[in-house]
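A short write-up of the structure that comes next.
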Amino acid sequence: MSTSTSPASPSEETGQLPHRRLPFWVALAMSVALVGPTLAMSGNGQGLIATVGKAIPLVFLIGLVGVSLVGYSFVRLTRHLNHAGSAYGLVGGTIGPRAGFFSGFAMLGAYVGFSIGTLALTAAFTNAFIAQLQPSNPDPYQVPWLLVVVVGAAISFLLSGRDIRLLAKILLVIEGIGIVSMVALVVVIFAKGGAPTTGIDFSVFTFDGVSSSAVISGVVAAFLSWAGFEACASMGEETDDPGRNIPRALAGTLLLTGVLFVVVMFAQVIGFGTDAAGLEAFQGSGNTLGDLGSTYVGQWFSLLIIFTATVAAFGCHLATSATSGRMLYAFGRDGFGPKALAHIHEGTGGPRFATWLVVGVALVVDLLCGAFRWPDMGTGNPAIDTYFLFAVAGSVCLMVCYLLVELAAAWFVGAPKFVRVHGGGGKVLGLALPLLGAVVIAVILWFNVKDATEWTAAPLLGLYWCAVGLVIALAASGIAKRVGASLSAELAATE
């Protein structure tokens with residue numbers, strides 16, 4: 001969406017993001033970094049062993065289909081609409097401002113949750129790296145995880161809100177090293193034929209020994225791994241030729257990570273072995289890529305992998321904080337939040353105050369979790385427990401947001417008033433694929449909340465956040481009317 005029109009609540013304190021200056025690679029780097037391939041492949045498979053066993057690659061293959069349907073809807077919308085609020089602007093400009101705010105609030109909850117979780121996971125991976133430096137010590141020295149969190153937050157405060165080009169370069173280098181390392185490890189595992197006991201076992205792509213309902217419920221972990229692929233959509237107002245470059249960045253991120261995730265998960269499962277002993281080793285691993293690197297290559301490679309995963313976890317924290325800051329900026333600019341959130345720092349051209357707020361929340365929440373020794377997710381590691389709680393809760397928020405984006409894409413294609421914007425082409429696919437995606441997401445959400453027994457269960461925490469957003473959206477009728485006029489004007493400016 002163009003931002004040539006005035007915001008809903010103009011103010012001297014409200015700034016404007018620099019327009020149309022960032023190249024394609026910056027948008028791609030933000031999405032890839034927020035997905036965090038090294039982080040996802042190091043820590044998102046272990047929790048699936050208990051429910052799906054060796055069928056983890058099948059879960060990721062199905063997850064790729066589901067997330068691709070969501071990706072199609074984002075691509076379809078961002079060809080014509082671009083807004084710093086990402087889903088907030090896309091849904092708000094099509095279905096309406098209340099739905100837009102609700103989707104944006106859900107996405108904000110997801111990214112803030114990921115910011116909290118990845119800051120904690122940075123501490124967990126830091127200690128895993130320190131332990132790997134002491135291979136002969138049965139009780140290796142570990143740094144208090146909250147100390148690592150405080151240091152990480154301090155660095156994040158220094159980097160947050162700075163020129164997005166600098167952040168993108170840092171993130172691109174981090175993930176570049178991680179991806180190359182993963183590919184090298186995969187090649188070695190395949191070359192050595194996998195684990196000696198089970199070899200290369202293609203039955204991991206079947207329902208052999210696992211129920212279809214278990215596989216479907218496990219797909220949420222796959223969505224967690226791809227969470228953030230749409231981060232570049234929040235940079236639509238800052239990217240050069242956004243109608244072309246944002247869809248390219250979305251498609252490029254999904255293509256790169258889609259192939260990578262399925263292949264790497266396949267390699268990891270056969271690397272540990274598909275028998276009971278191999279799956280037990282997979283489940284108990286603190287960093288699967290690091291352990292496999294030590295087994296198949298050597299300790300030096302394991303150190304490289306764990307170090308890269310640690311830095312990637314912190315890079316993901318930076319990316320989620322930056323994206324959350326841009327969403328808060330959009331809320332503040334359009335009247336759905338304090339005007340201070342819409343302040344743009346002159347020196348950096350970014351919403352520094354809004355980003356600092358996200359980092360501050362992440363720090364405080366992690367400190368509270370450590371102080372109260374909560375949550376207990378059964379891993380035995382409080383930092384990883386904190387990560388899993390907020391990662392799963394954030395994933396539920398994100399799927400609620402994705403559901404609304406799917407409906408918005410179908411509405412955008414089907415509603416007569418938008419024909420002048422998109423020209424009316426590709427109507428059948430433009431309706432069928434988003435609606436199919438909406439059904440897939442609804443099924444996955446149901447399977448993940450239906451068995452929750454405690455009110456503090458992670459999926460329910462995500463739904464609580466979304467419920468708060470729904471109440472605010474319904475109550476803010478006056479603001480919604482003004483924001484609706486603003487979004488309509490921005491949409492008209494794209495003609």
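From the backbone N, Cα and C atoms, a Cβ is placed for every residue, glycine too.
The transmembrane segment annotation in TrEMBL covers 22-43, 55-75, 108-130, 142-159, 166-190, 210-229, 249-270, 300-319, 353-375, 387-416, 428-449, 461-480.
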Query = Looking at the transmembrane segment (108-130) and the transmembrane segment (461-480), are there 3+ C-beta pairs under 8 A, with each pair at least 6 apart in sequence?
reply = yes
Inquiry  = Between the transmembrane segment (300-319) and the transmembrane segment (142-159), are there three or more CB pairs that fall under 8 A, provided the residues in each pair are separated by 6 or more in sequence?
reply    = yes
Key: seg_contact(the transmembrane segment (461-480), the transmembrane segment (387-416)) with at least 3 CB pairs under 8 angstroms, min sep 6   = yes
Remark   = Quick tally over 166-190, 249-270, 300-319, 353-375, 387-416 of CB pairs under 8 Å to the transmembrane segment (55-75) gives the top stretch as 249-270
Task = Take a look at 166-190, 249-270, 387-416 and tell me which one has the most Cβ pairs under 8 Å to the transmembrane segment (428-449).
result = 387-416
Key: Contact between the transmembrane segment (166-190) and the transmembrane segment (210-229) (at least 3 Cβ pairs under 8 Å, separation 6+)   = no
Key: Dominant neighbour of the transmembrane segment (249-270) in 22-43, 300-319, 353-375, 387-416, by Cβ pairs under 8 Å   = 22-43
Ask   = By Cβ distance under 8 Å, which residues at least 6 away from the ends of the transmembrane segment (353-375) in the same chain are close to it?
value = 111-112, 115-116, 119-120, 145-146, 149-150, 153, 156-157, 160-161, 317, 320-322, 324-326, 328-329, 332, 340-343, 345, 382, 385-386, 389-390, 456, 458
